[in-house]
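Working notes, structure below.
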């Protein structure tokens, strides 16, 4: 058996085997998510050509494909795209019943890098805005290229290609070797006699990376940073308290610390605009400040070097070195192998990524012959047959692995393409256990109950299947008909003590007298179809005769029910042992309960009136399908 559309069915030779899914063609790329500053566009495909079916595998690979688009910088001063999305909520988004000035916030969890999370400038509260960032937003301020798409981070290399592993060198050359990088270091000390105001110390140009600014000795003043393009302070504007913090400004993450009275500031960059470094006095007195700074920059962006700047050459230099020999092109019979070169750092002779070395200076490879021994004749090697897939029937098969193998002189072997082995390939599949399966009883699902209330029946198909030589099934045949109990029908009495229905007749002693119409409930059922005989052998069971009052059962067992009508009309009930003459006892086919719905009508007596010497009472629930244990006779 196997599962099909949510059902367990028997697998036959007409049903197809599993079908693996296959991709449709790619759609066209959509529009770019941004007009400048680096957006993204996507295209998609569907796994429906054909779709996977009958347990087949899903299509391998991704449903969507992305491309970076409009990567050129936006005109004007640099604007952080994530910061724009937060600031747009300043005018309408309320938190704790008030509006805030919202700043961008990067969550430490990688799974939430593409969530729009903002921080209140006034209170410092971090708030999830319950949506993902716009497509094309950078995933992290530590990664200048990877972007968010559909709420997930997509890796992008420095060449603006999705999935690329290319990286910038220290000064921003994509795939560079640091040969164009320059390190600028300076120390500056100034004394100010002004009573108030900020003292400008120096400027750091745009394009600077790995920036560090440190205070040489403790002082009462504070370091302040101003964006030259906008004129806005990004750190320690006048009137604000200086405290250690990690903050986001100018599209970069900055780390500002105060330790033992000395301040330091650093960022990985690159700076999109030049900044001015100032010191702001805290007291009205003579101020002396001494700052050290250091950054790396591309030689084309190098500013004029003043007296206080020192241009440092990069200490690390690299060279190409022999790394290993390539694998021999042949395992025997004479092959060729080549030298493989790697990039080595001279300072410690450690192998590093090849991008650090100049590709134009890479030596030409040297080749040599290898594996000169003669080759042996390839031959077929067959493994043992596996177990049979079936124990009987017409579908049993056995499989085995057959390979074309060549033995080597060192005792090992290698697999070859089948075209190299002589002769016909031995069989990999063969039939097995093709004997008829023994007959088995197979049952279908039970039908719904024949009534919506009261007692009814359920049917199912029972067949002896699987025997190809006419054999019979072993064991007893499973039941094909069973009773079912639904809720009591509305208006029916639940016990003999309930009040009688309107229209019931009572004797002077309180005994219930059945109406004339209740003498034979089967006779009320009319069928437009002629009776063609019983449709189940279970119709002959006397214990099921009570269901003849149900139209569905009467139609199924029309012959047995018609005989029952005749027998109940023409013959009187038997006399119970020990009962007075003239007292009738209900037979097994005439239950004390009048119908399957639980109508508590008493068994009709000859002449329509119960015997004066004996009456029937019912205790507890109505009898079940096979039992009559709840029926008592009191005389």
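Just so you know, glycine gets a Cβ as well, placed from its N, Cα and C.
According to TrEMBL, the compositional bias 'Polar residues' annotation covers 497-514.
Sequence annotations record features per position, and here TrEMBL assigns compositional bias 'Low complexity' to 571-592.
Per TrEMBL, disulfide bond is recorded for 32-69 (among others). Taking Cβ-Cβ distances under 8 Å and a sequence separation of 6 or more, the neighbours of residue 69 (disulfide bond) in its chain are 32, 33, 34, 39, 40, 41.
Taking all protein chains in view, 14 other C-beta atoms sit within 10 angstroms of the C-beta of residue 74 (disulfide bond). As annotated by TrEMBL, disulfide bond applies to 36-74 (among others).
Other C-beta atoms found within 10 angstroms of the C-beta of residue 47 (disulfide bond) number 18, with every protein chain shown included. If you look up TrEMBL, you'll see 47-59 (among others) marked as disulfide bond.
Taking DSSP states H, G and I as helix and E and B as strand, the domain 'PLAC' (527-565) has 26 helix, 0 strand, 13 coil. Under the heading domain 'PLAC', TrEMBL lists 527-565.
Annotation source TrEMBL lists region 'Disordered' at 497-527 (among others).
If you look up TrEMBL, you'll see 568-614 (among others) marked as region 'Disordered'.
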Handout entry: Nonlocal neighbours by CB distance (under 8 Å) for residue 59 (disulfide bond), same chain, sequence gap 6 or more
Key = 21, 22, 23, 47, 52
Problem - Cβ atoms near residue 32 (disulfide bond) (within 10 Å, other residues, all chains) - result: 19
